[in-house]
Each structure stands twice: as structure tokens, then as C-alpha cells.
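Q: Below are the features I grabbed from Swiss-Prot:
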- GLU246: active site (ACT_SITE)
- CYS280: active site, nucleophile (ACT_SITE)
- ALA146, PRO147, TRP148, LYS172, PRO173, SER174, GLU175, ASP209, SER225, ILE226, ALA227, THR228, CYS280: NAD(+) binding site (BINDING)
Amino acid sequence: MQHKLLINGELVSGEGEKQPVYNPATGDVLLEIAEASAEQVDAAVRAADAAFAEWGQTTPKVRAECLLKLADVIEENGQVFAELESRNCGKPLHSAFNDEIPAIVDVFRFFAGAARCLNGLAAGEYLEGHTSMIRRDPLGVVASIAPWNYPLMMAAWKLAPALAAGNCVVLKPSEITPLTALKLAELAKDIFPAGVINVLFGRGKTVGDPLTGHPKVRMVSLTGSIATGEHIISHTASSIKRTHMELGGKAPVIVFDDADIEAVVEGVRTFGYYNAGQDCTAACRIYAQKGIYDTLVEKLGAAVATLKSGAPDDESTELGPLSSLAHLERVSKAVEEAKATGHIKVITGGEKRKGNGYYYAPTLLAGALQDDAIVQKEVFGPVVSVTPFDNEEQVVNWANDSQYGLASSVWTKDVGRAHRVSARLQYGCTWVNTHFMLVSEMPHGGQKLSGYGKDMSLYGLEDYTVVRHVMVKH
């Protein structure tokens, strides 16, 4: 397995402390990788800064061609990437290969096209004898911090728009799931000029802090927890860096009495438990109107009970393990606290799986109240709660009564209600009669403590640029 860092176009071994990388399906150590040293972090940033002088002045066509080549090489090595993602994350292999790899390739191809469509405003005379124009220019060096739930996908979301806009990037994947990012580094080094892409390995304290705090870094992009976002914002405040934050969610799923119950059950069974629930948009916080509450709980419980956990290389496996032992304990603790309330009922699941690996049974909890921790706090596991509600006004208030603001969905046959409720929800994305659908052309991002900035779409590309005014006297 490729375990070297990419610094200034060269694959080099880390010079810091070695860290184990695990297979969460077995609990075994896959390999140990040496972290980047402080000197290597500095070298990577300085290489990116030096490369920016030329890369930032390339034409959109040149940048697009590089991104298209990278998309092609990922597609050609799709099986290799899927196997690495499966072994390092515990994802079902068929899901990694059939769902994630095509989406990752599409992200790079989309931004290759978007790079050639990014424009400033046309020139105009707003002062006599002077012509003004608006430019959208790259920022410089971007430090990108990717999470452990979708390592390669999130690397793509961060690399593609930053590079398309003309920035240079230093990427740090999670130390828990670094293997696909390191493999990507190996393939990218022969496509992009030296220093344009740099990939490091290490923990937040030893590598993330010196990277994000480096004076040559002009922007920090993070997908991670609220706590990590707070830390980076505080850590970088003195240097006034631009920050781009996607900090998780607790998606409300509002099910009205007139909803298609079978569609809701199928949707939540899939989108509440995909990737073992380790998804910031997971359909995990259901509000069911009282007229259909009992029916929904019964049917959804039966459906969730049929979800199959198993070995990632088994074609019939629907749920793999959680990413780490520490995360398994966090999820287990959250469910035990919910059970201890006395009013929350475990419909199915509610326990760790026996045997090796970090498996937790797909869980449905009924009778949760608005103020319960299981409703208010992100669990980030295969755990869905159901809360009954009376009317539209109440459920909109409850849905918005959250520190999160990333994703939401509304299930109803009433078109007017769908529009009315969607307009009032304080979430970056609202789906109607579906959930979890993402496309490269549409923006993904949140509000409130879920963060700010957009991934994907032309809005995502603009986030990696600075607006400049140029005035010419004539």
C-alpha cells in the first residue's frame, strides 16, 4: 500500500512518529505510517506557495485538462481505490465501487468544465475616463482537512474546486483513513506540476495545527466536527485566513400524515443507515405526524431489522463497521443514554454486534422527545430516532430548534405544504419526498453550527476565489 507523503512533486516517507492504520472490519492493524514532521509541513506549504506563481496564472483550459486526466486515472484505478476504501473504512466494497467512485470521478469532471465558465463582470465606465472590471482570482495556498467517513470523496470535493480556481493545495486526510488520499497523491504527481498538490499524513495536533496556522496558507477548508471547526477558527484567527467549514448535521425528516409511508420506509432504511450512518446528511431525526406515527414506527422497525451487517467484501452486506473503536464506543454510549431515559423504546438494534470489528446493530428508537440528547446531538452512526408531532407549526419549530443546519427532508403529497415548509426550514438543503440525493451541479453546505461555504456547484468554485476590482485610467 502506498504510504508516502507527496511534497513538491516527490513521494517521501514521513519523518515524524509512526501511527497505526486499522481495518475496522477486523480490528487488525493494516500498516503503520510515519507522520509528517514540522519541517515537512513547512516544506509542503512553501512548495505550494512557490508553485502558485505559475499555476495561478495558467489558463482555465490547462487546469481543466489536468483535472480531466486525474478523473480518468481515478476511473481506471477504480477497483484499487474501492478496495483501499473498503479495507480502511469498512465500507461494503460494492458500495465503494458502484456508488462512490463514479461520483468522485464526476466531481473532477464537473469542476474541469466549471473552471472554463468562471467569469468576472464585464468592463464598464463608472468614473469618467476610467474603465473598471471585476476579476475572480485564486487565493493562493489552500490547506484542506478531509474527514474519515468519505476519505476519497471529500478529498475530491476539496481538491477539485480549489485547483480549478487556480489555487495550490496541501491536503491532510484523517489519520484514521488516509490510504486513498495517499494513493491519489501517487497518481496525481505525474499530472500536476510539482507543488500544486501536496498530501500529508498525521494527527491534528502534530500536522493539522502547523499546517492550518502556517503564515503562507491563505485559506483553510475543513469537513469535520464542530469542535474541530471551532479549534481551527480560533487557531487561525490571528492570521485572518479565509475558512470554509462543513461541520456536520442532524437532519430532520418531517413525515406528514399524507406521506407515502412505503416510500418513507424505503428512503429512511437506505438514507438513514448508508455508510453505517456515518454521514452528516443521514436521515436520522424523524418527526412523524401522530396520525401515521404508530404505522411508521412499526413498518420502519421491520425494515431496519432486515438490514444486513457483514464483511465488506460480501456482496450482500449493506452495513459495514464503524470507522474506529473510539467511535463505536461513542455511538454505543449515545444509545445507552437514550435507553436510560425510560421513555425511549428500542424498536430494533440498540447494541454492539458480537465478534471482531467495530460493528453496531442498525438501531431504531421510538418515543424520543424534542429535548432528548438523541434528538439534539449528532450520533453519526446507524441510529435513527422517531418523535411524534401534532401540526405543521410545531414540527417546523422543532426542526429548526437545533444547532445544526445542513440537511433536511419533507415528506408529503401536498405541494403547497412542501413549498411552505421548505421555505421555513433553516437548512442548507431540503429534499421533498426523498433524501440524500447529491449532484455535482448543486451546492452542498450548511448554516448555523453546521458551518458555511459550499461544496460542489459553481458556488463551490467561487468560494475558492477572491473578488478583485481593476480600474484603468484612459
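Cβ coordinates are placed from backbone N, Cα and C, and glycine is handled just like the others.
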Q: For the recorded positions GLU175, GLU246, which one has its C-beta crowded by the most other C-beta atoms within 10 angstroms?
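A: Most Cβ neighbours within 10 Å: GLU246.
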Q: What's the number of neighbouring CB atoms sitting within 10 A of the CB on ALA227 (NAD(+) binding site)?
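A: Its Cβ shell of radius 10 Å holds 10 other Cβ atoms.
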Q: Considering only the recorded positions TRP148, PRO173, SER225, ALA227, CYS280, which fall within 10 Å of GLU246 (active site) when distances are taken between Cα atoms?
A: SER225, CYS280
Q: Whole-number Å only: compute the distance from the Cα of ALA146 (NAD(+) binding site) to the Cα of CYS280 (active site, nucleophile).
A: 13
Q: Have a look around TRP148 (NAD(+) binding site) and count the other CB atoms within 10 A of its CB, chains all included.
A: 21
Q: Just the number: how many Å between the Cα atoms of CYS280 (active site, nucleophile) and SER225 (NAD(+) binding site)?
A: 10
Q: With NAD(+) as the bound species and ALA146, PRO147, TRP148, LYS172, PRO173, SER174, GLU175, ASP209, SER225, ILE226, ALA227, THR228, CYS280 as its recorded binding residues, calculate the greatest Cα-Cα distance and give it in Å as a whole number.
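A: For the residues that bind NAD(+), the greatest Cα distance is 24 Å.
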Q: Far apart in sequence but close in space: which same-chain residues, 6 or more away, have a Cβ under 8 Å from PRO173 (NAD(+) binding site)?
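A: PRO173 (NAD(+) binding site) has long-range Cβ partners ALA146, PRO151, ALA155, THR180, ALA181, LEU182, VAL199, PHE201.
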Q: Return one of helix, strand or coil for PRO173 (NAD(+) binding site), based on DSSP.
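A: DSSP call for PRO173 (NAD(+) binding site): coil, neither helix nor strand.
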Q: I want to check the contact list for SER225 (NAD(+) binding site): same chain, sequence separation of six or more, C-beta distance under 8 angstroms. What comes out?
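A: For SER225 (NAD(+) binding site), the qualifying residues are LEU247, GLY248.
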